[in-house]
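**Q** According to TrEMBL:
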BINDING   10-38, Asp64, Lys158  NADP(+) binding site
BINDING   Ser141  substrate binding site
ACT_SITE  Tyr154  active site, proton acceptor
Amino acid sequence: MARRNVLITGCSSGIGLALAVKMAKDEQKRFKVYATMRNLSKKEPLEEAAGHRLGKTLEIKQLDVCDEQSIKACVNSIPDRRIDVLVSNAGMGLIGPIECQTIDEMKTVMDTNFFGLVRLLKEILPDMKRRKSGHIVIISSVMGIQGILFNDVYAASKFAVEGFCESLAIQALKFKLQLSLIEPGPVVTEFERKVFEDGMKMDLSAADAETAEMFTNIYLKNYKQIFQSLGQSAEDVAEHTVKIILSENPPFRHQTNTLYTPMTTLKYADPNGDLPIDIFYKMVFQHDKIFSASLNFIKLLRWRSRKSFDLGKPSQ
Ligand SMILES: NC(=O)C1=CN([C@@H]2O[C@H](COP(=O)(O)OP(=O)(O)OC[C@H]3O[C@@H](n4cnc5c(N)ncnc54)[C@H](OP(=O)(O)O)[C@@H]3O)[C@@H](O)[C@H]2O)C=CC1
Ligand SMILES: CC1=C(/C=C/C(C)=C/C=C/C(C)=C/C=O)C(C)(C)CCC1
């Protein structure tokens, strides 16, 4: 099989970095990775992790998904503009009561997570259609399927991504293109740190006392524990993603975290949509002690089995 050109966005940290390195280190050298980031002054961790693959199976390029010119320049710099696999990974989070967020902050989330993907595809899709080959892989989220308390705008941005892709997938099929949504649950990356820090410093004065208390003493208080007990590593998500890229018949949707699937399954179990809302409400407001104890139990099990605990590792 010929070496496939892979363009990945958001490679300065987290899932993008882990995926770029994993693909560049492929023993069979099946990929040429164009690892992109908006700010090249952040390239050191990637350079270090790529080691001697740098300049061989991995090249670092500038690309800001909020800037059409930067996308165009990056794609034009790739031989024959040939991108066989596009991984749309760049993204950002936003938590808190909407009363305390500005419309501009919300627009930045939509602009990055949703319009970022749209801009990439406007540039790359026509070439893929002409060649009648290509795989578009999108790092979506479980929040592309299901909303979570105090993640209203972030979830909306991922729902937008999923609706857009569901529509596009039908046309893509006609051009023999593949489209896959990767849906991780919580992943321990910079995303988690940034979102938590922003949440902690948030000015909650525009919210009523009950909402502010709920955000601080329920959401933020449990946030770290949720990531510690249910969280995956970026490398885990990268492993799932490579498996999807290499599969002959890649699925349209792939959830990476089996500890989280009982939650997302609730969505499909009730056409009225009340079941997940009701259960999340009870977990947060009525059975919070049982919920917290269950999280601690999962954390303990994972600690005892030192990472071998199955988080839905793709079968060999
Ligand atoms: N962590 C999690 O719990 C989960 C994350 N995801 C999704 O995974 C993806 C990767 O996030 P993750 O690795 O966790 O987080 P990180 O914060 O570690 O990585 C996000 C990357 O996106 C980049 N980025 C942000 N805005 C832009 C932009 N305008 N143009 C180009 N790059 C940009 C960041 O660059 P910079 O360093 O310059 O900010 C960074 O490289 C996101 O789409 C996120 O929504 C999905 C499920 C769970
Ligand atoms: C499990 C769970 C909760 C929190 C889930 C979280 C915090 C998920 C984070 C997912 C991320 C960060 C996805 C990124 O795209 C609640 C609502 C507290 C209570 C109900 C069950």
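Placed from the backbone N, Cα and C atoms, the Cβ positions cover glycine too.
TrEMBL: automatically predicted annotations, no manual curation.
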**Q** I need the most crowded of these binding-site residues: Gly10, Gly14. Count other C-beta atoms within 10 angstroms of each C-beta and give me the top one.
**A** Gly10
**Q** Taking DSSP as the reference, which of helix, strand or coil describes Tyr34 (NADP(+) binding site)?
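**A** Tyr34 (NADP(+) binding site) sits in a strand per DSSP.
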**Q** State the count of C-beta atoms found within 10 angstroms of the C-beta of Arg30 (NADP(+) binding site), not counting that atom itself.
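**A** For Arg30 (NADP(+) binding site), the 10 Å Cβ neighbour count is 16.
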**Q** Ser141 (substrate binding site): which of the recorded positions Gly10, Gly14, Lys22, Arg30, Tyr154 is the nearest Cα neighbour?
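**A** Closest candidate to Ser141 (substrate binding site), judged by Cα separation, is Tyr154.
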**Q** What is the total of other Cβ atoms whose distance to the Cβ of Arg38 (NADP(+) binding site) is within 10 Å?
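**A** Result for Arg38 (NADP(+) binding site): 18 other Cβ atoms within 10 Å.
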**Q** Count the Cβ atoms, other than its own, that fall within 10 Å of the Cβ of Tyr34 (NADP(+) binding site), considering every protein chain shown.
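**A** There are 24 such Cβ atoms around Tyr34 (NADP(+) binding site).
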**Q** Between the binding-site residues Lys22, Asp26, Ser141, whose Cβ has more other Cβ atoms within 10 Å than any of the rest?
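**A** Output for this query is Ser141.
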**Q** Measure from the CA atom of the residue listed as 'active site, proton acceptor' to the CA atom of Tyr34 (NADP(+) binding site) and give the result in Å, rounded to a whole number.
**A** 27
**Q** In whole Å, note down how far the CA of the residue listed as 'active site, proton acceptor' lies from the CA of Ala18 (NADP(+) binding site).
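**A** Taking the Cα atoms only, Ala18 (NADP(+) binding site) lies 23 Å from the residue listed as 'active site, proton acceptor'.
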**Q** Do any of the recorded positions Arg30, Tyr34, Arg38, Ser141, Tyr154 touch ligand 1, in the sense that the CB is under 6 Å from one of its atoms?
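**A** Arg38, Ser141, by Cβ distance under 6 Å.
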**Q** Cβ distance under 8 Å to Tyr154 (active site, proton acceptor), same chain, sequence separation 6 or more: which residues?
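**A** Tyr154 (active site, proton acceptor) has long-range Cβ partners Gly93, Leu94, Ile95, Val109, Asn113, Ser141, Met143.
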**Q** Counting across all protein chains shown, how many other Cβ atoms sit within 10 Å of the Cβ of Ala18 (NADP(+) binding site)?
**A** 24
